[in-house]
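Annotation comment: TrEMBL describes 289 as active site. The ATP binding site annotation in TrEMBL covers 107, 123, 222, 223, 224, 225, 294, 309. For 142, 309, the entry in TrEMBL reads Mn(2+) binding site. The annotation domain 'FAM20 C-terminal' is assigned in TrEMBL to 191-396.
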């Protein structure tokens, strides 16, 4: 073989060697990340069923102290939570020592103080499990069972950004009225043989009370976040305008996503990717009502987007409001960890996981089968949306590492 041919051959072999080495290293890195995602998924699945039990074997702390210590800027609760069953048991059973009207908002709720001083938000049952809320995706009353289901979906997706929620039955006559403030007590009335109340809120009306079955009312209780973590409210960049006939900018401006990425707090830190995660989350649960969102104060975009007030979900199982996914399909960006978790949950794994996670809740069954089937179908639509993005732009620009600076997007 001539020298020139040898040189060419060696050059080709060298290129192949370098390419193979880089390819293998990249694949090893990706595989390592994927393996960690898989391990996290299996840990979640192993601890999915939470049995509500009162015992805290390994600590002298109260359940409220444990839950308060869990909260950090990027999660409300940790990945592994052996005390979760005891905390949720306390939420569902601890004595109510004070009841008041709920904090300001559009929907009926009550603020309860449980034994030990823990605040929780009580949302009463307004609909039966199989009731279909017609109209706009944000129509109707809040759904108490949606808050329970959303908390468990947050666990399953590995976000850990939703406050703890559990179902609870309360006796309005013996548990609430004796400890109710005058403001709340003044909204109680009887409808037939049922005790009812209508509370204080923007849409609360004496003509539209929430009624117990006799004296016993089903509802959900949401654990109040610690006061040492004050909240800051933000307008959602993909929110609606509330003006008839007036479109929001994201509905007509094709460059809107690029504009958002240049605006604080989306121009650095994890908040922009949180918005994408939340669009997926809200689409799965059928929630088109997140026109605002909360984070912790003075975080400069570093804390999570906290998944609060999710009760306008699971209203109509046939609803397929694709506009909720606008941040995803307009920006074509999603976290690798979120993408991996969504793929693990296809083939009806998500429905099975949700049923298993909610099986021990006091108000189980939390969701009807049509709603569970709808979540599975919406998951397929999310996966198809991401595939359209990767087909158009390739994998690298679409699937981004969780901590990647925004300037790299």
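Keep in mind that glycine also has a Cβ here, set from the backbone N, Cα and C atoms.
Unlike curated records, TrEMBL annotations are generated automatically.
Taking the Cβ of residue 123 (ATP binding site) as centre and 10 Å as the limit, one finds 26 other Cβ atoms among all the protein chains shown. Counting only the Cα atoms, the space from residue 309 (ATP binding site) to residue 142 (Mn(2+) binding site) is about 9 angstrom. The most densely surrounded of the binding-site residues 294, 309, judged by C-beta neighbours within 10 angstroms, is 309.
Between the listed binding-site residues, namely 223, 225, the fewest other CB atoms within 10 angstroms of a CB are found at 225. For the binding-site residues 107, 222, the ranking by surrounding Cβ atoms (within 10 Å, all protein chains) places 222 first. Just so you know, of the recorded positions 142, 289, the Cβ with the fewest other Cβ atoms around it within 10 Å is the one at 289.
When the alpha carbons of residue 107 (ATP binding site) and residue 142 (Mn(2+) binding site) are compared, the span between them is 7 angstrom. On its own chain, residue 224 (ATP binding site) has 118, 119, 120, 121, 163 as residues at least 6 apart in sequence with a Cβ closer than 8 Å to its own Cβ. Summarised as a single figure, the pLDDT of the domain 'FAM20 C-terminal' (191-396) averages 95.
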